[in-house]
Amino acid sequence: MGSLQLQDFAAGWVGGAASVVVGHPLDTVKTRLQAGQGYGNTLNCVLTVYRNESVAGFFKGMSFPLASIAVYSSVVFGVFSNTQRLLGQLRHGDASHAPALVDVALASTVAGFISVGIGTPVDLVKIRLQMQTQTYSTADVKLKPTVPGFPVYRGPIHCFRTVLQKEGIAGIYRGMGAMLLRDVPGYCLYFIPYTFFCGWITPDGCISPNPASIWLAGGVAGAISWGTATPMDVVKSRLQADGVYLNKYKGILDCILQSYQNEGLKVFFRGITINAVRGFPTSSAMFLGYELSLKAMKRDQTETNP
């Protein structure tokens with residue numbers, strides 16, 4: 001693997017870190033809305049979190065995604081770019097050939113599958129940490145661990161270890177099926193709009209798009225991708241949050257049926273506004289971090305190897 005291919009992984013790492021810092025506060029609100037109780041709408045959720053936990057509440061569980069999503073994005077972007085390059089070589093005899101729709105779709109699907117393997121444990125730990133401050137009460141369950149100020153998990157490593165000990169590998173990969181159903185189509189609706197929208201607003205294609213084009217194309221792609229992924233994202237959040245105190249769902253179908261019976265069809269669109277709104281700045285930051293660091297690395301390379 002040459003340096004050019006490795007640059008995609010490095011640039012993905014920068015993009016991932018940028019997107020976490022920008023998007024985590026809204027991600028916390030989204031998770032609370034989807035898997036928590038008693039928040040009502042987005043604004044009410046923001047105010048409740050702020051009143052009860054101040055600004056720090058919005059950054060709960062951020063250290064783990066910051067460390068891991070950088071690696072995760074590195075793999076996603078690296079796999080996507082290298083698959084696209086491989087397809088260009090195989091189909092057109094030129095790795096740098098402008099990708100056709102089918103090339104982008106195939107590369108997105110491969111990236112989606114690879115991302116789920118890494119992303120499921122990351123998301124599970126993040127959601128458990130975001131949800132453990134919730135009070136838990138149902139008519140027939142009284143639970144002792146919900147003493148205020150007594151969290152179940154002390155931090156990401158402790159959370160990962162606890163889940164692994166109590167629930168095994170299956171527990172760490174809880175919600176993987178829902179994540180596959182969310183991410184494989186989700187990445188197609190992420191990379192395809194970005195590639196073509198970027199090419200459309202940049203006269204010379206996506207070889208050297210300007211930062212404004214990257215920002216706009218990345219933001220629109222993120223809003224589309226996250227908006228359409230919301231129903232399966234709700235199911236995934238509920239499956240992964242389930243287990244902080246007790247297990248309520250047996251699997252994807254059971255979670256869908258229970259959620260529908262208890263809260264109706266609207267439950268699957270819970271957080272759609274915040275997903276679409278959050279999708280814009282996080283994806284803008286992700287693609288800007290990726291493209292600009294890639295451009296900087298290529299510039300350095302040409303300066304050192306004239």
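If you go along the chain as it appears here, the first residue is 1 and each next one adds 1.
Including glycine, each Cβ sits where the backbone N, Cα and C put it.
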Of the residue ranges 100-122, 215-237, the one that TrEMBL records as transmembrane segment: 100-122
Matching range for TrEMBL feature annotation, transmembrane segment, among 61-80, 181-200: 61-80
Across the repeat 'Solcar' (3-86), average pLDDT on the 0 to 100 scale: 83
Counts by DSSP class (helix H/G/I, strand E/B, coil) across the repeat 'Solcar' (3-86): 74 helix, 0 strand, 10 coil
Remote residues contacting the transmembrane segment (61-80) - C-beta distance under 8 A, at least 6 residues beyond either end: 5-6, 8-17, 19-21, 24, 28, 107-108, 110-111, 114-115, 118-119, 122, 125-130, 155-156, 187, 191, 286, 290
